[in-house]
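The annotation coiled coil is assigned in TrEMBL to 228-255. Residues or ranges marked as domain 'PAS' by TrEMBL: 252-324. Residues or ranges marked as domain 'Histidine kinase' in TrEMBL: 389-605. The domain 'Response regulatory' annotation in TrEMBL covers 624-744. The 4-aspartylphosphate annotation in TrEMBL covers Asp678. TrEMBL lists 35-58, 64-87, 99-122, 128-149, 156-174, 180-200 with the feature transmembrane segment.
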Amino acid sequence: MPSRDGTVRAAAHETKPVTTRSEKEQLRGLLVRQLYALVPVGLSAAVSSGGILVLVLWSELPHGRLLIWLAAMLSLALLQYLLMIAYRRRPAAAESASPWFVLFIAVFASNGLVWGSAALFLFPHDSLAHQVFVAFVLGGMTAGAAGTFSATFSAFLAFSAPAFLPVVVRFFLINDDLHLAMGTLLIIFAGSMVVCALRVNQAIVSSFRQGLKNLDLIADLTESNARLGRLNALLEHEIAQRQKAEEALRQSESIYRTIFEHTGTATFIVEEDATVSMMNSQCEKFSGYSRTEVEGRMKFDQFVAEEDLQRVSEYHRMRRLDSGTAPERFEFRFKDRFGRVRDILATVGMIAGTRRSVASLVDISEKKKVEEEHLKIEKLESLGILAGGIAHDFNNILTAILGNISLAKIYARDKVRKRLEEAERASAKARDLTQQLLSFAKAGAPVKRTLSLAELIRESASFGLSGSNVRCEFSIPDGLWLVDVDEGQISRVITNLVINADQAMPEGGTIEVSAENAAFRTAENARLPLRPGKYVKISVRDHGDGIPGEHLAKIFDPYFSTKEKGTGLGLATVYSIVSKHGGCVDVESRPGIGSTFHFYLPASRKQVVEGIETARRPLSGKGRILIMEDGEEVRRILAEMLEHLGYEADSVRNGAELIRMYKESRAMGRHYDLVIMDLTVPGGMGARETITQLKDLDPKARAVVSSGYSNDPVMADFSDYGFVDVISKPYKIEELSDLLKKVMRGKESKMLRFLAS
């Protein structure tokens with residue numbers, strides 16, 4: 001009993017020390033009597049609190065564990081009750097206080113151990129609300145012990161230390177920010193309870209000491225008067241104890257109010273009729289309403305978007321019938337004061353012993369937006385793996401077909417020539433199909449040039465409506481900013497959007513196509529995933545039936561289509577191409593009114609349009625050209641086209657053969673004016689590896705890179721890799737002629753400047 005003696009000694013500093021052994025024994029007897037007198041109060045609180053705790057945790061923990069704990073708690077409560085009965089039946093109990101005090105401490109400490117075990121065995125792992133409730137009950141038991149059994153401080157410690165410290169340790173062991181904060185607050189609470197217990201103890205001891213002093217002054221009074229004095233002193237003590245308990249409760253309420261205010265989330269207390277009775281400051285920021293506007297006046301339903309209202313209301317009803325039937329965590333759309341709607345993750349639980357619930361809300365709008373964008377990108381990239389594999393081989397085949405057709409047209413008569421031109425147009429459509437597939441490929445960037453979109457929009461939209469009973473109205477202002485784009489890809493974007501609009505109006509009508517300049521600052525483009533800057537906005541509007549709301553989130557997914565014969569690639573192609581140009585696509589749709597697709601492209605910093613030379617017929621030239629091409633048919637037809645254009649052509653299959661032939665030709669004094677390299681050579685060196693060795697061999701060597709996979713970074717930034725130009729497969733003899741004219745003219749210009757110097 002060192003703690004008890006220490007407490008008595010501490011109290012002695014404030015009062016005159018007890019000098020006789022009989023006085024000490026009397027004081028101890030009074031304190032022990034006080035402890036046993038309040039046992040019924042403590043047992044009532046323990047049994048009711050234990051029952052409520054088990055009831056609240058019944059759906060969260062194994063029933064066997066709960067029943068074992070409850071049985072242990074009730075057994076010790078019964079033991080304490082029997083000890084109290086035995087104490088009351090012994091007339092000499094006050095004169096032999098020490099044994100009864102030791103027995104009381106032993107049973108009381110065992111009670112504390114059982115309650116403390118709740119933090120080990122009755123602590124839910126997955127429910128923060130239930131964890132907090134366990135801490136709340138243990139804190140209440142500690143507060144009750146401080147107010148009821150502080151007659152001796154050691155009795156308070158014997159129960160409170162084993163009962164409350166385990167839950168504090170348990171919160172710290174979880175080791176996340178919220179639980180660390182909770183653990184810290186529980187330590188503060190424990191400290192306040194220790195202070196309360198010490199003060200109550202000092203008041204009781206002081207009161208009893210004063211009563212014993214008065215006995216010396218009224219020794220001549222009868223025993224009945226002395227007994228009355230002791231009863232008065234006990235009454236005074238009980239009043240003081242009650243006041244201390246009330247203060248402790250006020251402090252406890254203040255602590256839990258602080259916890260509620262600083263949860264870090266928007267937290268509401270909701271009544272049975274859905275009225276919001278309390279909310280923290282985070283809710284004010286979240287909803288746009290002040291507390292005075294909400295608390296006791298508004299219902300939680302008023303913050304729920306219409307499409308989720310029935311579901312959330314049903315959860316509210318189910319939770320009050322049986323809390324286990326309603327989900328503890330769920331998502332819904334939250335509507336604030338200004339009509340803005342956000343995606344919310346709600347965590348809701350019932351407050352034990354009440355019909356009220358506590359709801360904690362977290363804004364997950366940005367998280368969901370990022371997840372949706374990532375999902376779209378993953379789908380497009382999965383299609384890109386397939387597209388990239390097909391493109392190279394298919395475009396090699398088309399190169400051979402178009403090359404043969406180009407040569408055959410030169411010698412063909414009118415009827416045959418007409419058939420060849422039709423075959424050429426069919427091959428061009430096949431080329432467009434491969435380019436559309438390549439729009440999904442992951443690697444590389446579009447092959448861009450600077451241009452004005454005005455004419456491209458008109459031509460592409462008109463092409464998309466060929467043979468349709470729908471017409472286009474254009475609204476394209478002068479002064480439209482220039483853009484850096486892959487002309488073919490953006491043409492496909494416009495064509496696909498116009499075709500989509502045409503299909504939305506089977507009865508005919510008008511499609512409105514517009515373009516405008518748009519500049520965004522950070523605050524203005526929060527709804528769109530665009531960086532601040534200048535953009536050109538293109539819009540395609542139809543007057544069809546609109547897109548159902550349940551389909552809006554899927555329309556850009558590959559293979560998704562609501563049309564019977566749709567491929568599901570049109571809008572997916574649009575999304576992929578615009579994303580690779582650094583822009584974004586947005587859609588507005590109202591059932592029965594129509595849909596408007598907007599896409600944004602970054603404005604160019606350049607001020608001049610880049611031109612492209614075109615030739616209506618092949619132009620002849622001269623020079624020696626070395627071809628590197630792994631496909632035999634493509635290699636042969638390319639050599640024939642070059643020879644037809646007047647060039648001398650040699651061909652090799654891979655980079656190693658090219659380097660060897662280039663060395664041999666230089667040794668014989670026969671230089672090549674140009675090298676045309678295939679970007680990819682299966683099993684050998686392609687253009688990327690070969691150009692490095694070629695430049696080491698001849699720094700003045702000029703090379704053009706060619707590939708059926710035009711989205712490769714080498715094709716987009718060919719000059720960074722050492723090439724003078726690029727040509728995408730498949731190509732016709734006219735396109736090859738244009739390229740050679742430009743490249744060879746550049747060589748001649750450099751030669752003239754060299755001779756002039």
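The backbone N, Cα and C atoms fix where each Cβ goes, and this holds for glycine too.
What you are looking at is a predicted structure, and each value in this text was computed from that prediction instead of being measured.
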Cβ pairs under 8 Å with the transmembrane segment (156-174): which stretch of 35-58, 64-87, 99-122, 128-149, 180-200 has the most? 99-122
Counting only residues 6 or more past its boundaries, what in the same chain has a CB within less than 8 Å of a CB in the transmembrane segment (180-200)? 131-132, 135, 139, 142-143, 145-147, 150, 153, 156-157, 160, 164-165, 167-169, 171-172, 174, 240-241, 244, 247-248, 251-252, 255, 258-259, 262
Enumerate same-chain residues with a sequence separation of six or more from Asp678 (4-aspartylphosphate) and a Cβ-Cβ distance below 8 A; give 'none' if the list is empty. Met628, Glu629, Asp630, Gly631, Val634, Gly686, Ala687, Ser706, Ser707
What is the three-state DSSP composition of the domain 'Response regulatory' (624-744), stated as helix, strand and coil residue counts? 57 helix, 24 strand, 40 coil
